[in-house]
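What follows is a single structure, written as structure tokens, with notes after it.
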Amino acid sequence: SVGFKAGVKDYKLTYYTPDYETKDTDILAAFRVTPQPGVPPEEAGAEVAAESSTGTWTTVWTDGLTSLDRYKGRCYHIEPVAGEENQYIAYVAYPLDLFEEGSVTNMFTSIVGNVFGFKALRALRLEDLRIPTAYTKTFQGPPHGIQVERDKLNKYGRPLLGCTIKPKLGLSAKNYGRAVYECLRGGLDFTKDDENVNSQPFMRWRDRFLFCAEAIYKAQAETGEIKGHYLNATAGTCEEMIKRAVFARELGVPIIMHDYLTGGFTANTSLAHYCRDNGLLLHIHRAMHAVIDRQKNHGMHFRVLAKALRLSGGDHIHAGTVVGKLEGEREITLGFVDLLRDDFIEKDRSRGIYFTQDWVSLPGVLPVASGGIHVWHMPALTEIFGDDSVLQFGGGTLGHPWGNAPGAVANRVALEACVQARNEGRDLAREGNEIIREASKWSPEFAAACEVWKE
């Protein structure tokens, strides 16, 4: 027969290949697929593979001009999800050539760009990605990473402490700087712009940057410790964002901040490159993540967004708190926390890790625990997150009955007490409350905090 057979075709003929051996250079994806009633899982998995790589809905004659076998995504394994009706994990392998080097943007446009609106799928969620070393090596990754940050700040052997300045909107720049100074002076390492503090009429960015820099230098001089404030450089255009980063560098401050999901991966990667070139640390806030990751059966799991951030670049990223949540959440959270920090992570389905990931010396990212935590949580946080983390107490600092500086003192004393107890071999999980009670005898600020937030 001449030419090709026209017409709509079954995807699974071409894109479902259960005997495929994955290559070390393939990007692997694990999708949670919920097919429409009557659609077989193989067809659904093959549709995902096709639409996120080379496929289109009908046979086209230009297929003959390329080697589909070389460029197509392949659904190579499907397994039913235990305890769920009509839900499957579909594993898809993508050849590396489908992706532009060093572009998280292109990676996501390809893998999740189009396929989530498919008629044959009731819902679709990207659970995990395996980034091959060949692709990882095309990214710069975090501007500095955990070890370099410790060296820059001269802080070792303990988690770092932060605080988001509240009320987040409405303070003038001078009063904002004053709150920053009080927290840093009291003993915190960092204070933070709220994610929605950009440059509003009541506080323009340049004024805020100046007063915060003044607060940093004054607190440093008085405490002899290196201090920082996450100056939010997020802006309406990339040019404006870089302008703010340049001003921060000129002020000589150690760290700036970006909202990477609302700002976008392209902007974030540009900013990360600027930060490495100019010695700035980069704090990343994940505003908008729940829009993408909250639904259990549709969207994208946060561990994928976390991996993407490590490629795109950031030195800190918000990662939830675990404290007071369900036990299962804890394992899953620790799974992606390790994905952020470690060089090599073994596949472990109980922690939600679908693939073994080798980061080949890409620097690590510090996870930031923040949201509704206070001094009584300190033992649990120290135990769960370990030294390589940032613990952020917004209300847990500024809500102290005696003011911001005593609130900062309370958190620092709590942290030092927990680290000391841990180093002496005590069990923070079991003796946490006891450790807190003992230490509060030596610090009136700490005792007052314990009283306010006792459970």
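Count begins at 1; order follows the chain as displayed.
Using N, Cα and C of the backbone, Cβ positions are placed for all residues, glycine too.
What Swiss-Prot records for the substrate site is Asn114, Thr164, Lys168, Arg286, His318, and among Ser53, Ser67, Ser370, Ser389 the residue it adds there is Ser370. Around His285 (active site, proton acceptor), taking its Cβ as the centre, 28 other Cβ atoms fall within 10 Å, counting all chains.
DSSP gives Asn114 (substrate binding site) a coil state; it is part of no helix or strand. Listed in sequence order, the binding-site residues from Asn114, Thr164, Arg286, His318, Ser370 having a Cα within 10 Å of the Cα of Lys192 (Mg(2+) binding site) are Thr164.
There are 21 other Cβ atoms within 10 Å of the Cβ belonging to His318 (substrate binding site).
Ranking the binding-site residues Asn114, Thr164, Ser370 by how many other Cβ atoms lie within 10 angstroms of each Cβ puts Asn114 at the bottom. Once the Cα atoms of Asn114, Thr164, Lys168, Arg286, His318, Ser370, the listed binders of substrate, are compared pairwise, the greatest separation found is 37 Å.
Distances between the Cα of Asp194 (Mg(2+) binding site) and those of the recorded positions Asn114, Lys168, His285, Ser370 are shortest for Lys168. Separating the Cα atoms of Glu195 (Mg(2+) binding site) and Lys168 (substrate binding site) is a whole-number distance of 9 Å.
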